[in-house]
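Worksheet: the structure to be examined is printed underneath.
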Amino acid sequence: MASAMTCSAAELFPHLGSSANATAAAEFICSRFSAVSEYLTNTTYAVDTTYLLFSAYLVFAMQLGFAMLCAGSVRAKNTMNIMLTNVLDAAAGGFSYYLFGFAFAFGAPSNGFIGKHFFGLKEFPSQAFDYSYFLYQWAFAIAAAGITSGSIAERTQFVAYLIYSSFLTGFVYPIVSHWFWSGDGWASASKTDGNLLLRFGVIDFAGSGVVHMVGGIAGLWGAFIEGPRIGRFDRSGRSVALRGHSASLVVLGTFLLWFGWYGFNPGSFLTILKSYDHTIRGTYYGQWSAIGRTAVTTTLAGCTAALTTLFCKRLLVAHWNVVDVCNGLLGGFAAITSGCAVVEPWAAIVCGFIAAWVLIGFNALAAKLKYDDPLEAAQLHGGCGSWGIIFTGLFAKKEYVNEVYPGFPNRPYGLFMGGGGKLLGAQVIQVVVIIGWVSVTMGPLFYLLHKFKLLRISRDDETAGMDLTRHGGFAYIYHDEDEGSSMPGFKMTRVEPTNTSTPDHQNRSVNVVV
């Protein structure tokens, strides 16, 4: 916020001469001046709140991107199921984040581990937080839950989605965001009392670790405990591709996520009307400029990762694959999210280039270990997110670090930028801590769901598809009466379970023209 302007009648009076009305004139001028100053202050709050709300809307729109990406990446027989789980992530996550999540994350005053106030938004808004901030943070929380849903797609019971989504957004994710983003967190770069990890905290500006690693590691445990989908690996252990049914939806979802990322990364500044030191660059330069730079670094990282994936996969598999390119693009975005505000544009290109190789490498490792993740979510968000945190410890620029995190003139910065290895050490600790925390919380949860037979659907249901067996029908309309139609198209075969006794679910297959 801009500093308030002040006016004193006692200071102004000597400048008005010795007229009889000088005192009254000074008081009148100062009263008008105070009114204008208050108006400007209110305008600043309004502009900053509007900026934050707009960013929240962009981040929330990423849920549509996740939904389209997930729908296109699964087989047609599970489309309705995965779409419903994405709606559930937002709805259940909103309720749990309102009751507990926001309080655990930002309920100040608190200790370094967990927040203690604002349960159910009680005593809200406060001087520190407004409702717009809650909305923005909720959008981040459900993004983490959406990442996890992709890892366990096509084989997970609906009740398991409800349980894990509420637990992740209401407890697991908020604790991590408290550690690294709250003003009281033990590793937060925004903490002011100096009682920090290595005395300066970690830099995870928009959440390569807080959001992407949390969602990715949670998905890793879910997919690992469930096991691969039926048919994903043959009897000899070789990988069998279970292609998603719509590359068009994958591309649509990717572009929606790309658009939303401009609220995710630049929006994490929270305010836009903030001046920087004018002696360095002049009055034209302020937080609005840093926001623009953040959008540029985000763009370059994603574009570089997409192009790198395109040509690398062409060399590896001898064809151009749009789905691989989309995943590479998103991997670049996940990686740059940590350091987007504190690195140069050229460094973002380095980030995206290596992120593409990280994703390719983790995908190869997953296939070798017979790990099945339909959306590559654990590899993309967990793997590339981890690289993004390390990248920040290598390439964070001193000037930008001091702009984004003022008040600590001797704060360490990137190793390759001359800042030594302290920040890199803190970033490595963040990676280890997030992996540990999510593993000891989400791992046991998925294991308990598995033991109580609440995690994976039956083999027959999985073979037939959950749209038919769990959700009352297909996501796409099948017109049996059009079977003999001369309309151009291709035939799809509907397969239903063989062990049901109802007349409507007897074993049959119907060829339908689409």
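In case you wondered, yes, glycine gets a Cβ from its N, Cα and C as well.
For reference, Swiss-Prot has these:
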| type | residues | note |
| --- | --- | --- |
| TRANSMEM | 52-72 | transmembrane segment |
| TRANSMEM | 87-107 | transmembrane segment |
| TRANSMEM | 133-153 | transmembrane segment |
| TRANSMEM | 158-178 | transmembrane segment |
| TRANSMEM | 205-225 | transmembrane segment |
| TRANSMEM | 249-269 | transmembrane segment |
| TRANSMEM | 290-312 | transmembrane segment |
| TRANSMEM | 316-336 | transmembrane segment |
| TRANSMEM | 342-362 | transmembrane segment |
| TRANSMEM | 375-395 | transmembrane segment |
| TRANSMEM | 428-448 | transmembrane segment |
_Same chain only, please: residues at least 6 beyond the ends of the transmembrane segment (428-448) with a C-beta under 8 Å from a C-beta of the stretch. Say none if there are none._
160, 163-164, 167-168, 171-172, 175-176, 179-180, 187, 197-198, 202, 204, 209-210, 213-214, 217-218, 221-222, 225-226, 386, 389-390, 393, 455
*May I ask for the residues of the chain that lie six or more residues beyond the transmembrane segment (133-153) and have a Cβ under 8 Å from a Cβ within it?*
52-53, 55-56, 59-60, 62-63, 66, 69-70, 73-74, 78, 81-82, 85-86, 89-90, 93-94, 97-98, 101-102, 105-106, 121, 124, 160-161, 164-165, 168-169, 173-174, 177, 207, 210-212, 214-216, 218-220, 222-223, 226, 264, 267, 270, 373-375, 377-378, 381
_Annotated stretches the transmembrane segment (342-362) and the transmembrane segment (290-312) touching (3 or more Cβ pairs under 8 Å)_ = yes
_Residues from the same chain, set at least six apart from the ends of the transmembrane segment (52-72), whose C-beta lies under 8 A from its own_ = 79, 82-83, 85-87, 89-90, 132-133, 135-136, 139-140, 142-143, 146-147, 149-150, 153, 244-264, 266-268, 270-271, 326, 375, 475
*Determine which residues of the chain contact the transmembrane segment (316-336) at the Cβ level, with the cut-off under 8 Å and only residues 6 or more beyond its ends counted.*
69, 73, 208, 212, 244, 247, 250-251, 253-254, 257-258, 261, 265, 297-298, 301-306, 308-310, 343, 348, 351-352, 354-356, 358-360, 376, 380-381, 383-385, 387-388, 391
_Highest-contact recorded stretch vs the transmembrane segment (158-178), from 87-107, 205-225, 249-269, 375-395, CB pairs under 8 Å_ = 87-107
*Contact between the transmembrane segment (205-225) and the transmembrane segment (249-269) (3 or more Cβ pairs under 8 Å, separation 6+)*: yes
*Give residue numbers and ranges for long-range contacts of the transmembrane segment (290-312): same chain, 6 or more residues beyond its ends, CB-CB under 8 A.*
258, 261-262, 265-266, 269, 272, 276, 320, 324-333, 335-337, 339-341, 343-345, 347-349, 351-353, 355-357, 359-360, 400, 403-404
